[in-house]
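Student: If you scroll down you'll find the structure; I have some questions about it.
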Amino acid sequence: MSLYATQDEKKQAAAKAALKHLPKGGILGVGTGSTVNFLIDLLPELQLEAAVASSEATAQRLKKLGIEVVDMNSVGGLDAYVDGADEIDRHMHMIKGGGAALTREKIVASIAKKFVCIVDDSKWVEQLSREFPLPVEVIPMARSAVARKIVALGGDPAYREGVVTDNGNVILDVYNLNILNALELEKTLNDIPGVVTNGIFALNKADIAIVATNNGIEERTAV
Ligand code: 5RP
């Protein structure tokens, strides 16, 4: 038995539970995806001064609710960034980029004092990327070159056909990586010429995960 009838109900519950971890007023960094979309609908409660959006889709949604979206260049820092994840582990390391917004997500998160991750428990994993392929944003001309380097590292890259990121780049989804050291692999992949960034969020991990489980909301931090 679950308190929630659907996965969407879990996402919505995680979003609601995150509100108390977010500053009232001020400027909030806002991620991208279906879980964050539930949070955006609740943001009027926080009476924000403005938001920094991690994607065009999020910016449009915020604006529709009358929340001002500001350019990150006009902001010195953020008290908090809130986002979902494709996977998260007990170290608060994440895989992100299922929605192809990983680069802007990583940039906005990098200027925030606190990263609040909101997920349903299907995203909670023992080891990153056993199930979910690792997204890597790549400059289009470097697609094949980057793919070959990734194969040399033991991964199986697949070109995400028909997807162009907000930055005009392409995505490689990498299967079969055995991620034993997320910090090292994040750096190694980012060092490949042509890689814009990869979807491992370990160098800048979550500070708290709000996880919606069958029994209700659990707040988890790194162990
Ligand atoms: C987008 C992301 C999202 O945070 C991730 O894909 C989770 O999305 P959802 O909340 O829809 O499951 O990284 O690039």
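For all residues, glycine too, the Cβ spot is worked out from N, Cα and C.
In TrEMBL, annotation is done automatically, which means it is predicted and not curated.
Under the heading active site, proton acceptor, TrEMBL lists Glu105. Annotated substrate binding site per TrEMBL: Thr32, Gly33, Ser34, Thr35, Asp83, Gly84, Ala85, Asp86, Lys96, Gly97, Gly98, Gly99, Lys123, in sequence order.
Just tell me what is around each of these and how deep it sits.
Tutor: In sequence order, Gly31, Thr32, Ser54, Ser55, Asp83, Lys96, Gly97, Phe201 are the residues of the chain that are 6 or more apart from Glu105 (active site, proton acceptor) and have a CB within less than 8 Å of its CB.
Following the DSSP three-state reduction, the secondary structure of Ala85 (substrate binding site) is coil.
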Student: Just jot down the residues in the same chain as Gly98 (substrate binding site), at least 6 apart in sequence, with C-beta under 8 A of its C-beta; none if empty.
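Tutor: Same-chain residues close to Gly98 (substrate binding site) (Cβ under 8 Å, separated by 6 or more) are Gly33, Asp86, Phe132, Pro135.
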Student: Which binding-site residues from the set Ser34, Asp83, Lys96, Gly98, Lys123 come near ligand 1, judged by a Cβ under 6 Å from any of its atoms?
Tutor: Ser34, Asp83, Lys96, Gly98
Student: Sort out for me which one of Thr32, Ser34 has the most neighbouring CB atoms within 10 A, since those are the binding-site residues we care about.
Tutor: Thr32
Student: Which has the fewest other CB atoms in a 10 Å radius around its CB: Asp83, Ala85, Lys123, the listed binding-site residues?
Tutor: Lys123
